[in-house]
Amino acid sequence: MGDSDAVGAFTRRRRATFAAGRVASLQPMNGRSAAVCQSSAIADISTDNGSEKKRDCHRTQESLLTSTSGYNNYRGILNWCVVMLVLSNARLFLENLLRYGVLVDPIQVVSLFLNDPYSWPAACLVIVSNVFIVVALYTERQLSKGSFSELVGFLVHCINMAIMLTFPAAVVLLVPSVTPVGGAFVLGIYTILFLKLYSYKDVNMWCRELSTAKAKKLARSLSYMYYFVFAPTLCYELNFPRSPGIRMSFLLRRLFEMVRKYLMSWMIPIIQSSNSKLVLASPPKCLTLIQFILVHVDLLRFGDRQFYQDWWNSETVTYFWQNWNIPVHKWCLRHFYKPLLRSGFSKIVSQSAVFLLSAFFHEYLVSVPLRMFRLWAFMGMMAQLPLAWFVGRFLRGNYGNAAVWMSIIIGQPFAVLMYVHDYYVLHYRQEAD
């Protein structure tokens, strides 16, 4: 018994010494005081009737990056992607600056245009586009005053818009000095203007149908017309939503980023094959275009800034085309799809007509500047109809989203490569041979 009591007393003294040693060695951690740490440690190692209390360190919970966790703060990952993008472009910028130097002087380009503007037919075509704007405005003013009948006004609008599509295309095809890049830029401007003036005609016609007296009082000023021309929308309204003011800090940041990316795009050399002489665009130019759109919207104080929705989550092809370009989708829905439905056409026929119109403009913007007609863009757009039917009927969820992404990654680059191949064969095959 004596030995047993001695062993028990020795064991209790060891436990007490061990606990005291742990408490004494505590230091402040993560901003907590030593007293707090000490009280927490004592609570962890305190005994009740000789048994140590335990605190569980595990519980049922989901992994942070799973969809069921509810976690959605990925700002750090986004910042990491931005840092990697900046570093990769900075490396390319410095490498090409040291190897090639400054390839193009923007001041020299501007001075060349000012000295000989007639050698720039694309810029002249952009200036001529103001004639079509004035004709549309004059026609609506005459219609509001009753000087033109509805039939006369309709014919003037039709002739005006028909010339808008055929005149620049004829110049691009017949004038050799128009480059493919300049031709695509001009035809893009005229296409946007065509859609805007079509909407302008429709909205004013609707107003006249609703109330003739009210339509006569509508203000059709030249300044408001040009505001609509420059506004980032294709749909005309009598009153556009406007933001309270220009955000100067936001504007200056975007301007700085735009200038920086623009200079970087000039520094990066044009990738030119010795055989094909095909010019490839650099990513900074696309980023510069995005920055320009943001600056443009803020300067105009245009209130509706929803130009896209979550097209990257598209589970159907139809959802993708409805959400990746909101201004175009609104125009097609308002001025083409719904009028066809009101005229008695079915939804299938109306949707097919919308894709047919889109296919025409895609081919128009590619084949005319390249001066060759291969219909790859047209067939690619029309192929969206059976693809939309197949994905909507047989694929759902992630499988549908994967199918949409495959059509984007494979379909569009394939059409571009077909045009590149045909352009090379048409223009440079004999030189290569």
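Using the three backbone atoms N, Cα and C, a Cβ is placed for every residue, glycine included.
Copied over from TrEMBL:
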| type | residues | note |
| --- | --- | --- |
| TRANSMEM | 77-98 | transmembrane segment |
| TRANSMEM | 118-139 | transmembrane segment |
| TRANSMEM | 151-175 | transmembrane segment |
| TRANSMEM | 181-200 | transmembrane segment |
| TRANSMEM | 221-240 | transmembrane segment |
| ACT_SITE | H362 | active site |
| TRANSMEM | 373-391 | transmembrane segment |
| TRANSMEM | 403-420 | transmembrane segment |
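Other C-beta atoms found within 10 angstroms of the C-beta of the residue listed as 'active site' number 18, with every protein chain shown included. Ranked by Cβ pairs under 8 Å to the transmembrane segment (403-420), the stretches 77-98, 118-139, 151-175, 181-200, 373-391 are led by 373-391. Same-chain residues lying 6 or more positions outside the transmembrane segment (181-200) and placing a CB less than 8 Å from one of its CB atoms are 120-122, 125-126, 129, 132-133, 136, 140, 157, 160-161, 164-165, 168-169, 171-172, 225, 228-229, 234-236, 279, 331, 334-335, 361, 364-366, 368-369. The listed stretches are 77-98, 221-240, 373-391; of these, 221-240 has the most Cβ pairs under 8 Å to the transmembrane segment (118-139).
With a threshold of 8 Å between CB atoms, the same-chain residues lying at least 6 positions outside the transmembrane segment (221-240) that come near it are 133, 136-137, 192-193, 195-196, 199-200, 202-204, 207, 293, 296-297, 300, 302-304, 307, 327-328, 330-331, 334-335. Remote same-chain residues near the transmembrane segment (373-391) are listed as 315-318, 321, 351-352, 355-356, 358-360, 362-363, 365-367, 400, 403-404, 407, 411-412, 415, 418-419, 422 (criterion: CB distance under 8 Å, separation of at least six residues from the stretch ends). Sequence-remote contacts of a segment are chain residues at least 6 beyond its ends whose Cβ falls under 8 Å from one of its Cβ atoms, and for the transmembrane segment (151-175) they are 121, 125, 129, 132, 135-136, 139-140, 142-143, 183, 186-187, 190-191, 193-194, 197-198, 201, 364, 368-369, 371.
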